[in-house]
């Protein structure tokens, strides 16, 4: 099974679009899109990881 990841190197960003591209985080929370997810990853100091693309 290949590990999936998201490149969050350009984050955090002050504002995210309302684009709907759900990402499920390791905290079992569904983030609306990559921007929302990556901002949360930065806030978590890297402890939050990607579980899967799509809703949890």
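If you go along the chain as it appears here, the first residue is 1 and each next one adds 1.
Using the three backbone atoms N, Cα and C, a Cβ is placed for every residue, glycine included.
If you look up Swiss-Prot, you'll see 8-38 (among others) marked as disulfide bond. Listed in sequence order, 37, 38, 41, 42 are the same-chain residues six or more apart from residue 8 (disulfide bond) with CB atoms under 8 A from its CB.
According to Swiss-Prot, the feature disulfide bond maps to 16-35 (among others). Secondary structure from DSSP puts residue 16 (disulfide bond) in coil.
Of all Cβ atoms in the shown protein chains, 14 besides its own fall within 10 Å of the Cβ of residue 56 (disulfide bond). Residue 56 (disulfide bond) carries neither a helix nor a strand DSSP state and counts as coil. The disulfide bond annotation in Swiss-Prot covers 24-56 (among others).
According to Swiss-Prot, the domain 'Kazal-like' annotation covers 6-56, on the basis of sequence analysis.
DSSP classifies residue 45 (N-linked glycosylation site) as coil under the three-state reduction. The feature N-linked glycosylation site is assigned by Swiss-Prot to 45.
Here the Cα atom of residue 16 (disulfide bond) is found 19 Å from that of residue 45 (N-linked glycosylation site).
Put simply, of the recorded positions 24, 45, 56, the one whose Cα is nearest the Cα of residue 35 (disulfide bond) is 24. Residues near residue 24 (disulfide bond) in space but far in sequence (CB under 8 A, at least 6 apart, same chain), listed by position: 30, 31, 50, 51, 52, 53, 54, 55, 56.
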